[in-house]
Structures are given as structure tokens and as C-alpha cells.
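If you check Swiss-Prot, you get these features:
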- 59-96: repeat 'HEAT 1' (REPEAT)
- 100-135: repeat 'HEAT 2' (REPEAT)
- 136-172: repeat 'HEAT 3' (REPEAT)
- 244-281: repeat 'HEAT 4' (REPEAT)
- 300-337: repeat 'HEAT 5' (REPEAT)
- 339-375: repeat 'HEAT 6' (REPEAT)
- 397-434: repeat 'HEAT 7' (REPEAT)
- 441-479: repeat 'HEAT 8' (REPEAT)
- 550-575: repeat 'HEAT 9' (REPEAT)
- 576-612: repeat 'HEAT 10' (REPEAT)
Amino acid sequence: MSALTQSGSIEKPCTILINYDKGDPPQVNEFKQNFEHGTTEQKIETLKKVILYTINGEPIPQLLMPIILYVMPSNDHTIKKLLLIYWEVIEKTHLGKLKSEMILVCNSLLNDLNHPNEFVRGSTLRFLCKLREAEVLEPLVPSVRSNLENRHAYCRRNAVLAIYNIYSHFDYLIPDAPELIYNFLLQEKDASCKRNAFIMLFNCAPEKAVEYLSSVLDEVPSFGDMLQFIVVELIRKVCKTSPSERSKYIKCIFTLLNSSSPAVKYESAGTLLSLSSAPTAVRGAASAYIDLLCNESDNNVKMIVLDKLIEIKKNHSKIMEELVMDILRALSSPNIDICKKVLNIVLDSVTPKNIDEIILFLKKEINKTQSKEFDKGLEYRHILIRTIHVSSLKYPEVLGNVVPLLMEYLGDSYLPSAVDVVIFLREVVETYPSLRELIIKKLIENLSSIKVSKVYRVAVWVIAEYVTCLEDLQYAMTSITNDLEELLKPKQTEEVILETKAKVKIEKVSIQKLIADGDWYLASCISSSLTKLFFRAEQLNIDNADSNKLKAQVMMIISVLINLSKASQVSTSKSAYERMLSCIQVLIDSNATIKKIWLQDCRDSFANYLKYLLIKQSENKKKTEKEVLVKPNNIINIRQLKSKKAFGPVDTEDDLIKAVGNTGEANKDQNEYSKISQLSGFSDPIYVEAYVRVHQYDIVLDISVFNQTNDTLQNVTLELVTLGDLKICERVPPFTMAPREKTSAKASIKVSSTDNGVIMGTIAFDIAGSVSSMSDKNCVILNELHIDVIDYILPANHQYTDVLFRNHWLEFEWENKIPVNTNITDLVKYVHHISKVTNMGILTPEVHLSNDTGILSANLCAKSVFGEDALANICIEKQADGKISGYIRIRAKVQSIAVTLGEKIGNMGMKA
């Protein structure tokens, strides 16, 4: 909707909005007849139509007197209710003066304020809250005051609201209103009446509200939740302006933490944190938040509370460590996103004191996921495994209990869970030698249960790399041979492949099936692991006879795999084929140097990789800790050195923001000004500029219009048109401008998809006093206003996993490939630049983003407010001259978002 506001005036609030298809124009004579001679039902229907016409921009002022004469005297309650709506929506003034007819209306309202029916009284009092005409309100004040003593709470409640409205806008009509309401509050027993009265004092006479609160401070816990909520707000306001009063009210806030109302409990916790940073206060507030987290069913509430707990953890990590077991109770939520946030908090709160309890709790949760009736599914099991993985590596004393548990999930059909387990075992077996023997034995035992190629590859690599005795080595050889049994039978290779495929159709997923289906990378990994097992056996001083037998067995298996790859209908990877051939070659002709490469250098390389990850994690942590929250030249006003006149209510809050380092709003003014667009020139007779406000599904243009001439401009008409998926909801009505006057208008534009849009327009006007002709028509063509798609895109890296990214990458059909063209020379900096430009979140972990190798690949993801997903893959390398080259591929389910993001990157690629 659009509305017009002239300078110096206040836009009238719209309190009623009813959609109505006008159809035929109003029949004024017919309406008059119905009011004058119709039945009560006819009057009701006609009055409804008149109200609807008036609301929708077609007032019928000539019906005012007939309504006063023939409808207003009725005692029907429905008519009285409709009349209150009618008085509310009609124009009650003419040329700034109250219409004479409103005197008659005023008399009717006075009668209704003294009506014997409480509903009529209360409805009339409620209507007075919406009146802004002092001439109408003045004669009604005595009756409004008398209703404070009405026996019915409905009347008293609305009488308080009426006095609140009158005093707020015309305090001279009831100068003693604060004292009146204060005395009323002392005697009142009804909760809703007390709430309204307290709100009135809170906003109009804070000192009276504080006086009342001080007198009943011990009774606050027994108040209703409506009143308690306002009490909390008052305490926050009082303590902000008078810090010395904090100790007086903290006890009250502590008691309200146990309120039965979730809203009161939430506000009390927030207020307590703002009043005190003492451990007792922080612990009490955090406990209240945790109670809400565990007991509230609304997922939105849970997410908000989790954000609050994250904020507490940043400044009071020790306290959160004490409460971590209480937070874990929130894992009972069926929402997976909530569980992820809970586990993220837990990960940062693990200590030597609570690690055993946390691991025990998580083990119980993992066991629950094995039940068929469990709702959360495999993804929940994965994040539990991931949490155990990360937390147990921090405190290795629990690894002995964790490893056997996680081993059970090596054969998990859900890829992320199984991969996480085997990666965890690979890291543990290198970092903690004391656990190697246990892990190797368990790995060999569970080898045949593994169903995922990547997991099997890592598992056989770990076994070959870290096996420590001949017994385990022979056990591993037997296990691998059994897993390849069908492939090793002495038949023609084509028959082997066909029989294996036929057999696995009715069997579960197996390594044989994966190789038969063409996974030659897996075959090459098995070949290299078998080769390493042979070299490891020689290192363990195996007998010559057994050594020759083992070598023959290994070479036979590798030869079979090579022959299978040649006969397969699935094309063999060249690197995999060459890898298998090289294994045969080193087995035939090996020397000390080759054995050192296979047995020592490979392990050293992996150990260096783990050290590199630790260094990167440490560097990222230090960067976070060293982040400067407050610049040294920021000014903090000291209250004691300022005069009272110079001290404003916002100073305290602004100083507090600076003191705690919350500089997120530091550039707010700069961002606000950047959204102002100049639509016409300073030399034009009318200067126009627009401020763009972007909401979730629409855009509101705050348009400022300046008459730069000395003439009165009439029929000033602003016409807007759009390109793209934009739709103007309502036109701005024509208006008149005095010389040198400023006027503002609002236009609402609906956005239906994530696409770049353009708003264009003209502003036409007539000059007052001139003879109307085409030559007198003036028109200013406005500049184009471009709507940026980035305003509707949000990072989604917290919603995506690597597996989900890959699945969506395969599903999404629209792709936009953009060549990299930039003057940035740092690979990591370029990735962050693209993330900032497109508002996409970086899914690739920070530790994997590095300039060391000269090449970099990163995944990014985002989601629009319309639910559209967008994925991006950046593949770049640094050339010899220092420049970056490569491609950015964007994939999306809909074409528009892929195209617009590509255009954004293309336009911004050269900017650092």
C-alpha cells in the first residue's frame, strides 16, 4: 500500500483494513431510504456497506446526518458496535475544524458511557482510545473517570486505556491522570486492570510506576504473568538510568526466573544478565534459558534461546561448562537443527571434569538411534558420532571407551557416519600409539561389514600402515582375500564379473560388487595396501618361505584385479590402472629406497598433514581471540564529567555498547545512507530521492519529493513501472505541493522471486494559475532504481553438509560457469571476497583453505527467502605471474538465481 504524508504532518494510522470488492458504485439515495425507513436488519447491512466503502477510499459524507438521525438512536447492540467503527473511519474534521455534526455524536457517546449495559460502556471506552479529536474527548472526560469505579472489570480496564490515550495526546484534559491511576492501582484487584494501569504509569509517569513497584516489591512473584512482564521491563529501564538501584531489584528478578510464564522467565533472564555479570546471576539466567530450551515445544523459541546461550558462552565459558549436562537434555527435541546447535555448544564446553559424563550420555543417545522406532534418523547418529570424535580427541583418556563403541558403526550404510568413524580411527591410530593394537584388531574384525568404498579404502590403508605383528598381518590378508573371494575364483574374467554381478543382486552391498561395478580406484587402493602389507611382513622378519608365499598371493590378487579392469565394460581410470601395475613392479623389483618410501615416508607425510591441521586450527583460534572489538580512538562519555543538560538517556546505552565491544552497529549510518538513491537532478523543478527498505517478501520505497520552484504545483503524479518479477501494490495518489515544500510518499513493491529487478518512473505536474494545455504539462523522467538480488539471499553453510551439497549438486539442473577475472592475488582472500559479494556461506572448512599449494577448491551455498537453494564451486590456481585463474560454477534449481548470481560475480570480480 502507498500513503502520502506532507511535511510537518503525521500520517494517520490505519486501524481497520477489510478487503472489499466494490463492484457497483454506492447508491446514496437507496442507502438513505434504508436508514430512514428500513428495518433494523436493513440498517445493519447498509451501515456495513457504508463502512466498507469508506475504508476502501470511497467516503459518503452526505450520509452522516441520516445516520445520526435514523441509526444512532437505535438501542440494538450490533448497530452500536457498527456505529463505533463508522465514527472511527469517517473524516471528523473539515478544514482543520471539527464538523458540527460531531457534537451530536459526542452526546450519543456520552449516553453510551453511562449505559446500564457493561458491554456498551466498555466498547465505547475502547473506541475512545482511537480518537484524536480533543473537542470530542473533552466533554466525555468526567464519564470516563467515573467508569474507573464501575463494578465490572471490563469497564474499568477500558477506562484505564481511555485515560491513557487522552493523557498521552491531550494531557491538559486530565492533568491529574498519573495520580488518579496510581490511586486506582493501589485499590484494584483485577489482574488485567492492574496491568493496564501499570502500563499507563510506566509510559506516562515512570516515577509513579517506580513508587508503586517499591511498595509491592515483595508481592511481585504472586502477580499475574501480564503484570510481571511489565515489571521486568520497568526494572530494566530504571536500572539503566539509575545504576545505584540495581541491588534493590536483583532479588525480585531472581524470583521471577521461576515464573510459570515462559515469556516472563525469558525476559527476566535477559534483564538479569544486563544488570549483573556476577557468576550467581549468570548461572541463574543460563539455568532459566536451559529450562526454556528443554520444556518449550516451539522450535523457534528453542533456536532463540540457543542463540542466547551461545552469547553467554562467549563471555562466561566456565559457567556453561558446569551446565553442559543440563543443556544435553535438549537433545530430546525431534528437530535436527536444534540438536546440531546443542552439540556445538557442548563441543565448546567439554572439560576434563565433564568429558566422562558427556561421552556416557552421547553413547546412550547413539544406542537409541539403533531402534526402528527412532524418528531423527541417520543424520542425528552422524552428528553424535562427530561430537564424540572431536571431544574425545581433546581428552584421550576416554578413547579406550570410545573406540569400541564407534567401531560398531564402520558398516553403517549412511556414508557420513561411516566416513567420520574411519577418519577418527585413522587420526587416533597415528596420534596415540598405545591404542594401535586394539584399533587394528577391531578394524580387521569389522572389515567384512564395511559397505562403503571410501571407508574400506581408509580401513585397509590404516591396517597396512600400522599393523604391528605377523599374526594381525596374516589375519588382515585372510580377511581381504575373503572379501574378494568371488573375484579370485579361477574362471574367465568376463564370467567372474557377470556371476559376481548376478550374485550381488540378491545379496547386500559388498566390496566385490563395488569393484565389479567399476570402482577401480578402490581396486588400486586394495592393491597398494596389499603391497604395503608384504613390505611390512618383511620388516617384521617373516620366514623366507612364508615371504615368498605371501608375495605370490599378493601378486595373484593384484593381477586378477588388473585383468578384471581390462575386461570390464566400465572404463578404467588411467591413474588407477597405472597404480596397480606399479604395485606389481615394486613387488618384483624392490630395494631399500622403495621400501623406505612405502613404509616410512608415507607415514611421515600423514603425520605432517595432521600437524598442519593442528597448526591451522591454532592459527584460526588465535585470530578469533585477537580480534579487536573496540578501536582505541572510540570515545566513551563519562557521566560524572558531563553536565545534566548534556546527558541523554541514550548515552548510557551507547557507552555500554562501546565498552563491551559490540561494534556491529558502528557503520549503521553509513549503511543507511548507502540505500538512498537519487532519482532526479538538482536542476530539475522537482527533486526526488528514494530510500529502499528491503523486507522479506517486499520492498518499501520511502520517496522524498522536493518542490524547488516558487510556484504551487498541482496534480503532482508519481508513476512507477517495474521490470522483472516485481509488482507495484498500489499507486501513489496525486497531491499538491506549495512552493519550496517537501513531501514524502511510500510505495510498496512485491517481490516474487530471486531476480534482479528495475524500477523506473516519471513525475508529472501542473503549475497553478496557468491555463491548462498540453504545453503546461511538465514531466521529469526519473533515474532507474536497481533492486539487488543479494538482499534476498542468506548464507546456508550451517544448513548444509558435504553429502547434502553433493546430492543437491547432482540434482540441480541449471548451471552458470563464470571465468575468474580479478586483480586479487591471494587465493583464500578471493574465496572470502566471493562469499561477501554473493552473500553465500563457505562450506569448506577454514583449515582446508590455504595458499600453500597454489591451487584451491571451495564450496559455497546459500538459500533465498523464497526457499531457493544456490550452490557454488570455486576452482582456482595461482599462475606464475601471480594472477589467479580458474572457474566458478553456480548450480541452482531455478534459472533466475543462477543467472543473477553469475552476473553479480561478473560485475564485482575485479573489485577487492
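Glycine too: its Cβ is placed from the backbone N, Cα and C atoms.
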Local confidence of the repeat 'HEAT 3' (136-172) - pLDDT mean: 92
Residues in the repeat 'HEAT 2' (100-135) grouped by DSSP into helix, strand and remaining coil: 26 helix, 0 strand, 10 coil
Cβ contacts under 8 Å made by the repeat 'HEAT 5' (300-337) with residues that lie 6+ beyond its boundaries: 262, 266, 269-270, 273, 277, 279, 282-283, 285-287, 289-290, 292-294, 343, 345-346, 348-351, 353-354, 357-358, 361, 365, 375-376, 379-380, 383, 799
Within-chain partners of the repeat 'HEAT 10' (576-612) [C-beta distance under 8 Å, separation at least 6 from its ends]: 427, 430-431, 465, 520-521, 523-524, 527-528, 530-532, 534-536, 538-539, 551, 554-555, 558-559, 561-562, 565
Contacting positions for the repeat 'HEAT 9' (550-575) when only residues 6+ beyond its ends and CB under 8 Å are counted: 477, 480-481, 484, 487-488, 493-494, 496-497, 515-518, 520-521, 523-524, 526-527, 530-531, 533-534, 537, 542, 581, 583-584, 587-588
Helix, strand and coil residues within the repeat 'HEAT 3' (136-172) as assigned by DSSP: 31 helix, 0 strand, 6 coil
Tally of DSSP helical, extended and coil residues in the repeat 'HEAT 5' (300-337): 33 helix, 0 strand, 5 coil
